[in-house]
Structure formats: C-alpha cells, structure tokens
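Student: What TrEMBL shows for this protein is this:
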type    : residues                              : note
BINDING : B:ARG90, B:GLY128, B:THR129, B:ARG130 : phosphate binding site
DOMAIN  : B:14-144                              : domain 'Exoribonuclease phosphorolytic'
DOMAIN  : B:162-227                             : domain 'Exoribonuclease phosphorolytic'
Number of protein chains: 6
Amino acid sequence: MNAILRPSGRTPAQMREVRIERGYTRHAEGSVLVSFGGTRVLCTASVENRVPGFLRGKGEGWVTAEYGMLPRATHSRSDREAARGKQGGRTLEIQRLIGRALRACIDRGALGERTITLDCDVLQADGGTRTAAITGAYVALVDAVRWLRARKEINKDPIFGAVAAVSVGVYRGVPVLDLDYAEDSDCDTDMNVVMNDGGGFIELQGTAEGHAFRRDELDALLALAEQGIGELLAAQRAALENT
Amino acid sequence: MNAILRPSGRTPAQMREVRIERGYTRHAEGSVLVSFGGTRVLCTASVENRVPGFLRGKGEGWVTAEYGMLPRATHSRSDREAARGKQGGRTLEIQRLIGRALRACIDRGALGERTITLDCDVLQADGGTRTAAITGAYVALVDAVRWLRARKEINKDPIFGAVAAVSVGVYRGVPVLDLDYAEDSDCDTDMNVVMNDGGGFIELQGTAEGHAFRRDELDALLALAEQGIGELLAAQRAALENT
Amino acid sequence: MNAILRPSGRTPAQMREVRIERGYTRHAEGSVLVSFGGTRVLCTASVENRVPGFLRGKGEGWVTAEYGMLPRATHSRSDREAARGKQGGRTLEIQRLIGRALRACIDRGALGERTITLDCDVLQADGGTRTAAITGAYVALVDAVRWLRARKEINKDPIFGAVAAVSVGVYRGVPVLDLDYAEDSDCDTDMNVVMNDGGGFIELQGTAEGHAFRRDELDALLALAEQGIGELLAAQRAALENT
Amino acid sequence: MNAILRPSGRTPAQMREVRIERGYTRHAEGSVLVSFGGTRVLCTASVENRVPGFLRGKGEGWVTAEYGMLPRATHSRSDREAARGKQGGRTLEIQRLIGRALRACIDRGALGERTITLDCDVLQADGGTRTAAITGAYVALVDAVRWLRARKEINKDPIFGAVAAVSVGVYRGVPVLDLDYAEDSDCDTDMNVVMNDGGGFIELQGTAEGHAFRRDELDALLALAEQGIGELLAAQRAALENT
Amino acid sequence: MNAILRPSGRTPAQMREVRIERGYTRHAEGSVLVSFGGTRVLCTASVENRVPGFLRGKGEGWVTAEYGMLPRATHSRSDREAARGKQGGRTLEIQRLIGRALRACIDRGALGERTITLDCDVLQADGGTRTAAITGAYVALVDAVRWLRARKEINKDPIFGAVAAVSVGVYRGVPVLDLDYAEDSDCDTDMNVVMNDGGGFIELQGTAEGHAFRRDELDALLALAEQGIGELLAAQRAALENT
Amino acid sequence: MNAILRPSGRTPAQMREVRIERGYTRHAEGSVLVSFGGTRVLCTASVENRVPGFLRGKGEGWVTAEYGMLPRATHSRSDREAARGKQGGRTLEIQRLIGRALRACIDRGALGERTITLDCDVLQADGGTRTAAITGAYVALVDAVRWLRARKEINKDPIFGAVAAVSVGVYRGVPVLDLDYAEDSDCDTDMNVVMNDGGGFIELQGTAEGHAFRRDELDALLALAEQGIGELLAAQRAALENT
C-alpha cells in the first residue's frame, strides 16, 4: 500500500540509487560525481596554499564550499547567477551549510595553512541537491587530503570521521526518506539532516511547509534519517576503498 | 552551581527579560521594539496593495521579511550592507527564515491581494537577534492586520495561531535556554526553534559548532525551547491585550 | 495669524522640541538618539585604529559618516538600499555633508591615526533628518573622544568648537525655521545651514523648489538659521554636561 | 598687487575666458561644447517621447541630467566609473544639481510628456566643471526646445528665463570669482551659485574647506557671483543669437 | 619529425578525438556533452515561449547562448563568476560568438515567437572550449527543434545547414589544427573559425599572440580549418543519425 | 556605377576623410582626436608607474585600453554604462581588442615597470569606432613614449613598427572599405582588420551578418583592408612628423 504512495514507487524508508564516481574530471585534487537517483552533482576539491585573512599566520587551514546550479539542471531554465550578477539567497544558504558540514570533520591545525574549496555544481536536479552535495563533497575532500599526503605535504590525517547528509519529510501524512523533486514540492515537512559516522548530529534543518509538525513526527523523521545516513556512509566507504 | 555557569548569572532554563513595545515608530501599520535582554530589534509591518509577480491575479496575499543590522549594533563596527552593495549570506538566510515563520500563521487567501513586509532592524545585538525578530514581527503583523480590519479592508482575520522563536544550545556541556552573545560565541551546539501556540514545530535549525550533538542532547534542547516559547507566547498575548 | 500658518501650529521662528539622549545603545564609543520633533536619528560614533589608504603613515586621523534610513521610517515604505544593491544619490549626498561638517571641528593631527565613523540611521523621519543627524553626531563624536581620553589614548582634545545644523525655508511666502515634512514637501525654498559656535558658516545649501529666492529672503533665512543653531548648540551643551 | 594673487594672474573679479560652441556633435537635438578657460564640457540634450514612471499620464515632461568625467580629463587618471561598476557620490551629487538647476527654468506642462536628458561629459577639467556644465546645458536645452518647436511638436515655449552658474571662493583670504583647479584645491571657502536672469537664486552651495566663513565674506562672495553670472548670461545670449 | 612537434604527439593536421553524446541530462529539450580530447562542454538547449523585448510581436524567434566555466575546470581554480558578481570580458565575448554562430543557421521566422537558449558549461578545459561549445550546441539546437516538431509546435524546419567550429594556430612556426591547452598558451597565432556545411565562413577570429602573421600563414590556417570542420560536420551528422 | 552604391557616394575602395589631431586635451601624456569621417574618438594615453599584480617585479610594463561611448554619440541616446553599473559585452570586447592590438607593437621589457592606459572615448559615432580607436590610440601611445623619453625615464624606444585598423565588408554584394553606420547596419559581412607596417596581420575578426562569406570574398576584403591600412599608416606618420 505504501509502495504506491510515493511517485517513484519507493517504500517510505527506501533511498534512491546512490552512485559515487571518483576522478570524474582531471584537474582537481578531488573530483566526484555523486548521484542520488536523478540528482547529479559534480563535487571538486581544490587545494590552495593560502587561507582567508582572518586565519593568516595562525597555522590553521580552512575548508569552504561553493554551490551552483547549471541553468538547465531543472525542469524549466532558471537564470544564470553569474549573468544576474549575484548569488541568490538559496545558493548562499546551501553553500554555507556545505562548508559548515565538512569543517565538522576536519582538524584544521593538522591541515596547515591551506584552503580546500569544495565546488558543488548541480548538473541535473531532482530534489536533495544539498544532501547529495555534502555526501559527495566528503569523498572529494578525502581524495584531496590523500593527494596532499601522497606528496608528503602533511603527515597527519586531518580528517576525523565521515560526514553524510540526507533529506526526510512528511509526504501525504507519511514520513519518508530521501525526497525527490515530486515529493519535495508537495510535502508538509522537509528536513535536512547531516550526521557523522559516530551517530552524532552535525546539522538539522526542518521546515514545516504545510502544517506545523509534531514531536512524534520529528522522532520518526530522525529515525529515517539515521538509517539513510548509515547507507550513505557505507557507499562512501565503498567508493573510497579502491585507491 | 548552575547559577555561576552562565556569564549572565542566569539558570540554564532562564530566559532574559523580554519586552515588547508596540507603536515604537509612527508611520508603519505595525511597529514593535522587541528586547531579549540586550538584544533590541525594531520590527515594522508595512501594508502595500500589491503582490509579487508570481501571485498576481490569484486573490492571495503575501507576507515577507527583510532583516538588517545597524553597523554598530555589535561589539565592533561591521560594514554597512548598503555601502558594500549587497546583503550577506547570513542576512539573506535570516530574512528568509523570518518570512517562512510568519507565513506559517497566515491565511493568504483571507489576506487578499496585498503584501505585508516585516522589516526587522537590529538596533543592538547581544545574541538571538533572529528569534527576537520573529517574536516581535508577529506582534507587528497582528497590529497591521488590526489596522486593515479597523479600516474594513478585510473582514475575516487572516491570522491563525501565534508564532514565536527562541534559541537553545549546549554551553559548556549544559543545555541552556536563550543564548546571549557570550554564550553563542562559545557554545558547542546552537539551535533556533520556531513554534506555534498549538505546540507544533515550524522551523528547527540546529548546528554543531564544536562536537556533534547526541540524540539525548537534542531532546533536552527541545524541551527547553518548548518552555521558552511558552513564555514568549504569553508575553506576546500580554502586549497585544491593550488596544 | 502666523500661529496658523504652519501645519504644526508653530510660529515662524519656533523650532520643534529637540531631545538629545546619550548612551542610547551599548556597544558604540558614542551613541546618541537625537529628536527634532517627530524626526528621530540614532547617531553612533565608532573608533577604529586605522585610517583610509590616502592618510596612512601621515600621523593624522579621519572622521567620516554614513547615513541610512530604515525602510519604514517614512510615510510609505521605501526599498532597503542593501537589498537594491546600492546607496542612492540622496544618501551619498547627505553622508558626505555630515562627514564634511564634523571634520570642520576636529584637529586631525591631535586625533592620531584612527578613524571615527559616525553612523546616522533614521528611525523615524519627519523632515530635517540631515540637520538632526549633524547635530546628534557632534554629541556622539564628543563622547567617542571622551572615551579615548579616559583611556589615555590621546592626551590633547582634538575637538575645537561645536557644530550644529538646522533647516530654514520659505513656506507660503514666509521664512520659517526647522521645516517638518509637511512644510518641506510644499515649500518654495529649502536651505540647510551648518554653523559652529563661533558664528561661522561651515556649510550652506539652499535650493529654490518653487520660484527663485531673492537676496532679502536669503538674509531672513540666514537670521533664522543663526537663531536656531544657537538653540541647538545650547541643547548639545546641556546634554554633554552630565558625564 | 591682487594681480599676482591668483596663480593664473587674473584679478579677483575676473572670470576665465568663456566659450560656448553650439552644434559640437551631430546626433543630439542640442550639443554644446562649453569652456571656462581650461575646463571643457560637452553638453548634449536628448529628447525622448517618454517620461519616468512617476509622471506617466500626467501630461507633464521631465528634464534630467547625467554627468561624467573622462578618465584622463584630470591631472592624474581616475578610474572609469563604468568599469568600477558605479557612479561615485560626487558624480551623483553634481548630476542631481544640474537637473534641479535646469528644471527651475522649464514649464513642464508646456513641454508635454517627453524627457530631455542633459549629458554633461567633462573632456578636460580645470576647476568649475559643474558650473560650466549648468551654463552649457542651458544652451543645449534651448537648442533641443527649438528643435521641437521647428518640428511643431510643441507650440508654446516651455523655457522661461535663463540659468547660469559660477563658483566663487575665498582664496588666501581674498574673495575671488570662478575658481580654477589651482585655487579650488587650496581655498578656504568654495561656493557654487546658480542664478536666473531675474537675479533670483536657484541654488547656493557653500562649503568651508579651511576655516568657517563669516557673514561679510558670504556677502562679498554673493556679489562676485552675481557679477559673474551676468557675464555668463550675456555669453549664452550671444551664443544663442545666431540660429 | 612533425610527430614530435606537438606535446600530444598529434600530427599538425590531426584533430583530437571528438565525441558527441546526446541526451546527457534529462530536463533540457536538447542536451549534449561534447568532447574535443580533454575539453568537455555540456551544451543544453532550452525552449521558451517568449522573445526579448526588441522582437516582441514581430513573429520571429531568437537563438542566444550563455557560456560558463566551472571553477575547477582548469588547472588552477578560478573564481566563480556568480560569486564575483559579474561575467568577465572573455565569457561575454565567447557567449556572444556562440550566439551569432548559431543564429547563422536558423530561419527565425520559421522558429516563431520562441527563444532557444544554448547554455554551454565547461566541465573540463583543455583548450578550444569555444569551438567545442559551438559544435556541440549545434547538435543540442537540432534536438530542441526536433522536440518542437515532434510536438507539432512548428511545422517547417527552421534550421538550414549545419555549423561547426575549430581552432587553428601557428605553433613553433608550424600551422596546426585544433590547439590544446599546452599549444594554446604557447603559440604565435591563434584563430577560431566557424563554418557551415556549404563551405562558407560564418566567423573568423585570428589573433597574433607573438609575431604578426603573414598572408601565406593565414592561407595555411584556413586550409587546416576547412579540413577540421569537415570532420566535425561528419561527427555531428553521425551523432544525429540515431533518433 | 559603383559611385552610387554607397550611401555616402564613396567608391568601394575609398576611405572616409581621416584626421588625426594631437594634443587635443592637456593633461594626458598623449591625447589624440581621431576622425574617420563622422566618427570621432578621443584617445588619451596615461602613464602610471605601476603594473598589474601578475607583472609585479618582472621588470616588464603593460599596455591596456578602455573604451567608452558618450550616451549621445549615437543616433538615439543609449544608457550610460556608469549609471547601469556595468560595461556591456560589446564594450569589453572592443577594449580587449584595442589592448591586444597595441601590445603587438610594444617591447614590454623596454617599457619598464609602468602601465600605459589608452582611454578611447567616442564623442560621435558613425561606424568603425573600434578601428578609429586603434588607429588614434597608436599615435597617443607614441606621444606618451616620447614624453617618457624626453624626461629620460626610458632610454630605448619600446615601440617597434606601427599599428592601424580598418573595417571592410560586403555591402549589397560588393566588397567595400571603411564601413560607415549606414553600411554597417545593412551589410552581409563585416570584418575588422588590424595590421602593422610590416604587412603582417595582428587581428582579423570577420562576421557573416547575412549569408556566410566565401573564400574569394575574404580575399577581396583582405586586399581592400591592406590598401586602407596603408593610407592610415601614412596619416599616422604625417601626424607624428611635427614634434
């Protein structure tokens, strides 16, 4: 019965197919194409030997993110932000979230005075672009750190733990995992959850789109998120196994 | 013992003094100065007889918000956004949050084709400016609606329920309510919670600043938030009683 | 007869009630809420230990001003300049005027290599915001300098004399002092006068809105301005007396 | 003795050579190259059959101005405003002044629903660019109106009176007329005066650069300005005589 | 001997491997990933039922292009244009070129009042991104027109002929075809050639980077370009054969 | 017969009258007013003792250009780029072309660590503004270098050869030289050619506006361009003869 609830035919606790493809482009120190079903995000990690002004001379590094959406990643074409002359509020909000999420698993002292920038560009959007971006950017970050270690630029691994993200929501009264676009644009509650591999919460952003959500709905959503993130962490580990 | 935990001397579950002063300025249809201790935000509600393009001709109204911080509302002067030529990511994020929160208590059909803009300008900042802004903007919104009803422009009250917001966080290992600046800049977890007077969640935004937070910490934070919001809803009701 | 000329019932040579409230906000080195009747401007003075590039290494300080108007300080809401992405011509003109006026009473060598920025933000507008801003900003500047002297950062008072400003105009054929909004939007001539306590002119900006003004009208306006500025200088002195 | 006061060798009451060359460029409805000594400004008047939004449907016209300075009009190259992405405060201030000055001699009802834009571009600067611009723009405006009347688009002359502008200042203690750059950058007081041919003041902008100026200095400056403007009005009439 | 001239080992008249992959993303009416060796550009064609203002009501359509480069498409990361707040001169120049090139093969009357926007986003850059973009965008344009015809929105094919582009240059004294990055950054002359399948030139842009080029060099370059474009037109035809 | 082909009455191979007036304005190190018939461009060369960041400390100089069009240089007024807040794509494209063209005749090592900026501002436009700008800017550049040499700041002439530019096009089926506006807006092919006095090509930019152009048309256009540039180089030499 639930099987017919979701437009995609998925069961409530079923994620879309997740694919993580390393080395997707050639120049970046880390380059990952991550797919959550029809959502495809190219995440590159770029290493630079400088830090923002507020960190200069402190012996610490920085991890930051930028997010973009190709104009026709979506159903109808949206304006190119570079042509409009500014990044929109949604873009800024998402890239700030990605940056915070990844800084939560990095020892900035061990990284040294360098910046790793994670560019997350959405080639195709079908809901959940920010959670896919975080999940893929983590893998790109690991690759960039491996590149630094292979060149002996740093000798201690600055990454502790792993980070992944998933969305959950109440769709037609039922808590479901990993919303796609059809669900996202028609749900009552939408929550993005970022967790680490120790089971701790890094970020929680829930919004009531329709009616306010109750505490028991919140509990059900958190349980689904925890399950989904477990699967994502496994997918990351599998992708990172082959060197 | 807890009494000496917080820099302000407050107990963990103690809010700062909340003041809500209606009619603070003269021209706006609603004008409220809200204070959470040393945080003071001027919230005005402006009614205009037009709606954004995407709503034109649909018979529905719109509620939106803009947020600003006077350059010297803070400890050290920050650049004026108008002079820099753009609103920062933090500003956009906050004003989007305020707008979503207040749209959650309005029947846009009953409002009719008009826009109510909530301008939330921080005169003095000491942590929690966004939660104070939401709490005060709700009162300004009610005043603007009363103004419309007094002029018989609308004959059904478009506001259902009340909305308030508070921050909670884990400070030196202890969950505390209504973080001030000293706590905010030094806490492990920071969460902003928006709720309505039916006990439902409208928005939940939690961020681990230091270590990731556990599920039991989340539960404790939500309980504190629920208590604080109860007090804020009471303060709103008291302020709105005198016509 | 004249008593009924002005919408406010004031006589031609009568100023609005002037209030100067020091210490209005907490963080700034000087913070003054100045009111000319219904016009209320928050003036803060911020001290920073750096100077603009063109003064670096010259041993001189700088005093500058920024001006803003909250979107709903006025009868109908105006766009937020930060959201529009630039300051308008009127704003730039006013803040340049405020800066010039206050630099006219400061010995920049005695100030040393530091900048004092005067932020003048209009909370409520009813005509004469720029003259109120100059008058209030002077008091905030004095407070900032007292703060520097109390901390022994400078040992010679860099402020010489006092500066105040008032508007005068020809309203329905009669020269009047301190125009409010009703008069300002319907007058023939509008002049802003900045003077010091030695009776010297610092700035004079007169504009014929309706017909060109004659020399005898100019003389009458200057006499009114001189009187009004005398009252403002007294109000500044009174406000500054209590430490 | 005075003869050696001014760097140019002029006497205090002596203007620079004024030239007004009509028809300087080909496409504009009015096109005037005006020179005040080494200051050369190209003023074009462009007629368009539309008015700004706030005037639409009111049967009135509009006169407005834009001002620019070629990057190397000055001693050292200044940044191109188009490249910097915004017009500076000085530019906006000047173009607002030019627009106000010329609107003071036009009957906007008689002009009908059209806009005349006066573009004042400084080819070479040597002090007094704004006063030269106003003086030259008046001639371009008359030519544009003549063009409209020759085509029978309007049948009543919308221009009443004439408008010209000059600067005066206190240079080394002596009031002088028509400041050039050497004087302007080293004077105590600088005043721009706009008058009409009826002897009325349209705009008066005086600034104390060094010490505040006294009432008797003001009187001397106004007398000089009146004389200079008389000469400019005569030069305009002479230029406009040949059709 | 020539075989060792080019860093890639190619002979002077040898193009890189060209791949044209249709249907690369899901939402656009045409979506092509084109590769010229290591240069990979995603070209999408978006159909919208509106035209720019200057064409409204004329019964004609419009074809336009936008170009972007992902920040880490290149060897070192370049700033994101959306974050910098404007598109650079190179970007504008390239997107104007792509638009002109494709308008040269479209009958805008037969297209009707709709716009087709070609977004060309470089995922990986290795020289020749603009020529790859034109070559790929042509295929995306054909797919968008096929989509329109399949839906019977237009009944006459608006595309006449085919368009492709290639770069040629003088590298170490030898004219070579299809420059890659290593050659492009070190060549004397660089020319981009756009031709149609009738052998006509649509655009020719040659630049002497080192010494000026002679007429005989130009002739040799044009011959190489003609050959390369023949191969590209064949690759386009092959890609378009399978429906 | 051809005599009546061109709107101006010129024969196909006939250039407009070319005038080159040195010392047009006073402050710039080089200042040239160049006219190609009704097209008039003011080209100034400004010397500054600094180089862009990417050249600092390399002992090399830089030559760059900026291009602008006065708002009413054209038949109908166009928006001022400074007011719109950005330079358009056409402007950026042209100024990049001018800069490249002039860098092709300068030995940047011999110039030393200084920048020469060529500002090309169109006072009146009638087609061919970019080619007039390049031709005039060369003369301004020579004057700036002579100024440097007269002051003994450099002792070797950094300029080798001369550079000039002309447009050619196919107008009503006939190849013609030096297009004016009437021809430019109605031609099939438009090509801008930059050459040096050794007969080498520096830049070639041909665009098919109507039908694609054939190889024999290209050959005819190049021959016309070569002739025209010969005349321009002679005009430059003549202008530079008188010191």
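Each Cβ is built from the backbone N, Cα and C atoms, and glycine gets one as well.
Buried or exposed, and what's around them? Tell me for each listed feature.
Tutor: Annotation for B:ARG90 (phosphate binding site): no same-chain Cβ neighbours under 8 Å separated by at least 6 residues are found. B:ARG90 (phosphate binding site) falls within a helix when secondary structure is assigned with DSSP.
Residue counts for the domain 'Exoribonuclease phosphorolytic' (B:162-227) under DSSP, helix first, then strand, then coil, are 17 helix, 30 strand, 19 coil.
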Student: Which residue counts does DSSP give the domain 'Exoribonuclease phosphorolytic' (B:14-144) for helix, strand and coil?
Tutor: 42 helix, 41 strand, 48 coil
Student: What other residues of the same chain, not counting B:ARG90, B:GLY128, B:THR129, B:ARG130, have a CB atom within 8 A of the CB centroid of the phosphate site?
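Tutor: Counting only non-site residues, the set is B:TYR67, B:ILE94, B:VAL122, B:ALA125, B:GLY127, B:THR131, B:ALA132, B:ALA133.
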Student: Relative to the Cβ position of B:THR129 (phosphate binding site), how many further Cβ atoms are located within 10 Å?
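Tutor: There are 26 such Cβ atoms around B:THR129 (phosphate binding site).
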Student: How many other Cβ atoms sit within 10 Å of the Cβ of B:ARG130 (phosphate binding site)?
Tutor: 24
